[in-house]
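Report on one structure; see the data block that follows.
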Amino acid sequence: MKIIFPILSNPVFRRTVKLLLCLLWIGYSQGTTHVLRFGGIFEYVESGPMGAEELAFRFAVNTINRNRTLLPNTTLTYDTQKINLYDSFEASKKACDQLSLGVAAIFGPSHSSSANAVQSICNALGVPHIQTRWKHQVSDNKDSFYVSLYPDFSSLSRAILDLVQFFKWKTVTVVYDDSTGLIRLQELIKAPSRYNLRLKIRQLPADTKDAKPLLKEMKRGKEFHVIFDCSHEMAAGILKQALAMGMMTEYYHYIFTTLDLFALDVEPYRYSGVNMTGFRILNTENTQVSSIIEKWSMERLQAPPKPDSGLLDGFMTTDAALMYDAVHVVSVAVQQFPQMTVSSLQCNRHKPWRFGTRFMSLIKEAHWEGLTGRITFNKTNGLRTDFDLDVISLKEEGLEKIGTWDPASGLNMTESQKGKPANITDSLSNRSLIVTTILEEPYVLFKKSDKPLYGNDRFEGYCIDLLRELSTILGFTYEIRLVEDGKYGAQDDANGQWNGMVRELIDHKADLAVAPLAITYVREKVIDFSKPFMTLGISILYRKPNGTNPGVFSFLNPLSPDIWMYVLLACLGVSCVLFVIARFSPYEWYNPHPCNPDSDVVENNFTLLNSFWFGVGALMRQGSELMPKALSTRIVGGIWWFFTLIIISSYTANLAAFLTVERMESPIDSADDLAKQTKIEYGAVEDGATMTFFKKSKISTYDKMWAFMSSRRQSVLVKSNEEGIQRVLTSDYAFLMESTTIEFVTQRNCNLTQIGGLIDSKGYGVGTPMGSPYRDKITIAILQLQEEGKLHMMKEKWWRGNGCPEEESKEASALGVQNIGGIFIVLAAGLVLSVFVAVGEFLYKSKKNAQLEKRSFCSAMVEELRMSLKCQRRLKHKPQAPVIVKTEEVINMHTFNDRRLPGKETMA
């Protein structure tokens, strides 16, 4: 008998039952906690504590389970396995064991050999493999089930290269731990072909932690810029050994590629002055990150690091932070794939996990802001190529952030001092520096004292005062040492070695060189200089020439011989022009008998001799009885008077100086004069900046001078300025030296003088070893002294001296025979000439009288002589037969003295 319940066949009832069953299942599902297992494989050392990565793995799982924010309905469990270092077989076995239990992902191991073994198994079975350390990826990488949270080293290598370029390093030493270091730093190793960079590569010893032999070799090779690619344990050991080797000074700059530099104990090196730079990926400035790290520290203290690890207690290492972030990134993918279930997998069956591909894709697409910043992956190779790095540097306060780097923007240096104002004494305060110098008056000299002096008190001078001012501003103490070989510093052409103060700076035997050390191109290549504290140039020191008297004919000196000749020619030319114009101008003829207005005879005073006499009279400022009447002749006379006014005024103005000033005639006036002769020897300080200037100069004159000096090297090059000055005083020798020293010497020795101007222009600067952090501080202090006027005051103090005695001033210099004796000679010559002319005139007149009176020449001459000696009135000699000239003939006459007026028939 079949019993039928009509209600069961009701469609409405059936839909209601299905809905209730669905709701019950959903409620059951939401109330049920899903359990998911992660696997972790970690290396360990026998009898060692739990590793930081394993501890971080457990810490991350426990944190997620406690918070229930990321996975509210999933409980994470873990299975951790420990293996020996580099044991790939054991790593494979442990991985298979975990896969048989059923794990959603395997974390670790760290070292490449073990990681590769686990990776191959994960690829075969489709289980994600999560790495937190760098692993070399080949170009045809087929590890599709692999992601790494460690920053991609091709990007990290670019960050290191950017840092090298920022510091403007020209030489770099790369020290790596194992062969993979060369792969990690491939961008840097390629740099020399693209940048002006010299690269030296060294490897740390593989079988021992003793790096002292390598460090000793680097110290001997003066390798100050070093990049260490090694673990933080090795980095801690290297720092300790470098400190013992004296390589933790301000001249060394180390860059560490390890991201755990911030966790090292750097307390012993804070005040050493060493430059230490590195990167940090842990975002410690984030408050949430700091809170997590603080919780981590409490658990870490339960399993402190090994004593020889070099890490500070409680610090979270980068590996631990990456492991913490790795667990959270995988958990994000779990959150997005709630229907995922884990099944047991067997390594020998090669049956992949059915959810593996989808789950791996979700992991690569995951985004997470973790302890190490933003986390994203390259979907192709699973590498972390987008990340942010903090650039950290060692300061006296500890390791501080000085910049950031990211693949997109590159390096951004901020030098943040946490709001502290910049202080130029930061790197020099309370430091004790070795200062090398050289004895050179007035820069550095021994202090004169009745009591014995010791240490820095033995010295005084301009450079000592400068050093004292720098010490006051920058707050350092110093010890002054004289350079051992007594040289400034020059390079030997044979072996390229330097000497003097430059060598001591190169060898780091001194921290500063405060001396008259010139800034030159060749020196700047091996040491650093501050801005110049004194500007100068090369000049010539020579004896003052002996004074020469003006000479008896010195009255001719105001005008050059050419001008005297031109004046004479001008006088002759003007006389001739005046004569011609006076003859042709009708207004220059006049009636010699004004009482007889009807006279037809006219005369012209400007004969050739009278014209010349007019010009000479005007030139001598005496005038004459001749005066031009016509406008044309007056124009000639006026222009000539103006000309003579200027000439005589100029002559008079210069005459006093030429008669009273004692002339100094030097055989040389410039470097060209020195180069053109060989009689006067010349030289400079051996191995000094002046010698180097002539040695390197390409200018023909200076090259010729260097050829002369090098050919007589033993005789013309001196050891010091004092020796050169003494040679100038005692022999025919010109000394090439700095103009400031010449200024000092000439103010104290009146027998010496500077010849010519400056041959070049340069400056004195404070020398420091190459790359010294003190240079910029000293430059700022020097500029401060310059603005305050203290540099000028110090120069006045040491250069002023007593000076040469000034000559007594005279209102009017007494002129002696040696000054104006020539005037008397000219006077005597004029008198003698006038006597001879008078005799000639006497003879000429006697001959004329004899012809007129038709008598002998001797009788006429005797009569003229008798009448001249008696000083009686002379009678005019009359001719015997007067000559009558007709009017027509007179009119046509062109004589030089008179002419007839036109229209007259007879002459009275």
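Just so it is clear, glycine is given a Cβ too, placed from its N, Cα and C backbone atoms.
Per Swiss-Prot, the candidate among Glu460, Glu469, Glu738, Glu743 that belongs to the L-glutamate site alongside Pro516, Ala518, Arg523, Ala689, Thr690 is Glu738.
Listed in Swiss-Prot as the disulfide partner of Cys96, from the options Cys22, Cys230, Cys347, is Cys347. Residues Asn378, Asn605 are shown; Swiss-Prot lists N-linked glycosylation site for one of them, Asn378. Taking a C-beta cut-off of under 8 Å and a sequence gap of six or more, Arg523 (L-glutamate binding site) has these contacts in its own chain: Gly489, Val502, Leu517, Phe529, Ala689, Gly767. Ranked by Cα separation from Asn378 (N-linked glycosylation site), the recorded positions Asn73, Asn275, Asn430, Glu738 are led by Asn73. Sequence-distant contacts (6 or more apart, same chain, Cβ under 8 Å) of Pro516 (L-glutamate binding site) comprise Ile438, Glu440, Tyr443, Cys463, Tyr488, Met534, Glu738, Thr740, Thr741, Tyr764.
For the pair formed by Asn430 (N-linked glycosylation site) and Thr690 (L-glutamate binding site), distance between Cα atoms is given as 37 Å, rounded to the nearest Å. Spanning the residues Pro516, Ala518, Arg523, Ala689, Thr690, Glu738 that the record associates with binding L-glutamate, the maximal Cα-Cα distance equals 17 Å. The two recorded residues, Asn751 (N-linked glycosylation site) and Asn73 (N-linked glycosylation site), have Cα atoms 104 Å apart. Taken through DSSP, the topological domain 'Cytoplasmic' (583-638) splits into 25 helix, 4 strand, 27 coil. Within its own chain, Asn275 (N-linked glycosylation site) has Glu250, Tyr252, His253, Tyr254, Ser393, Leu394, Pro773 as residues 6 or more apart in sequence whose C-beta sits under 8 angstroms from its own.
Take the CB of Glu738 (L-glutamate binding site) and look out to 10 A: across all protein chains shown you find 26 other CB atoms.
The number of other CB atoms found within 10 A of the CB of Asn751 (N-linked glycosylation site), across every protein chain shown, is 10.
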